[in-house]
């Protein structure tokens with residue numbers, strides 16, 4: 001367990017990174033807007049006070065939570081996978097096939113079947129780079145980035161040549177999913193869908209897995225000290241592959257949630273980098289499942305706020321991208337300094353032992 005002082009300093013550093021990003025964003029608003037107060041109200045206040053905007057934040061959270069959880073599992077295990085984007089696409093594909101082409105099922109059967117297909121698709125797609133890492137010591141960053149392109153363009157090929165809806169015109173997408181597979185609004189008139197409930201459940205399950213089970217303990221131990229874990233009888237290769245498969249399954253679920261939730265079909269290039277956004281979400285949350293809910297909400301809040309500000313003021317939504325980019329810069333810098341300090345402490349400890 002980490003000392004309270006270390007946890008406090010970590011949270012203080014994160015709060016500082018968020019505050020610095022927001023302050024710079026506010027300065028930019030005052031520099032470029034003729035009505036800065038109206039722009040700030042549209043960006044910061046209305047997303048939280050307007051029911052439609054708030055519901056949109058919760059919907060926007062969903063894929064971020066799933067990709068954030070996917071990244072958290074592998075990072076906790078010491079595996080630096082960048083493959084959530086490709087796994088998201090493959091999970092969306094397998095889920096969409098089940099949601100579109102399986103007919104005559106009740107919602108109680110159809111939705112779980114879609115989710116199982118998405119889990120299998122994303123998990124199996126992540127299994128391949130997992131084996132490359134565990135068996136052949138292939139660099140997981142390179143292999144998963146390459147697999148992203150395979151997944152994205154494979155889905156694009158199928159959508160343009162095999163499973164394209166004949167009535168979609170110039171758009172490459174599948175037919176709309178069966179109504180029995182569709183996730184509808186939780187409350188009529190409020191835009192948030194049942195996919196939000198699945199995201200909350202996924203965060204709870206991952207928390208229990210990582211912190212309340214033996215498997216989770218072994219994965220985290222491998223991430224912190226693989227030599228000690230191996231000495232203690234933990235199968236390192238198995239842990240690497242397992243973490244990759246769980247991560248891929250979570251990312252695949254995120255893709256399926258978009259298909260049967262927000263979009264209602266599988267669209268070509270439907271993801272705007274959601275898998276890579278998951279890396280930011282997980283880093284902000286320090287790879288903790290509960291923290292991912294908070295960081296995903298904040299990230300979605302910035303996105304919806306930027307869209308609302310562009311519609312209601314003279315400031316483009318690119319400001320939200322600026323703030324998100326600054327967050328990446330500050331949080332990454334903080335993580336780098338923490339890593340360098342830990343390496344320095346390890347070298348210092350080794351020198352003391354040698355003397």
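Just so you know, glycine gets a Cβ as well, placed from its N, Cα and C.
Note that TrEMBL annotation is computational and uncurated.
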Worksheet entry | Among ranges 7-32, 163-188, whichever one TrEMBL labels transmembrane segment | 7-32
Worksheet item: Going along the chain, which residues at least six beyond the ends of the transmembrane segment (193-211) come within the CB cut-off of under 8 Å?
Response: 58-59, 61-62, 65-66, 69, 72-73, 76, 115, 183-186, 219-220, 246, 250, 253, 257, 260-262, 288-290, 292-293
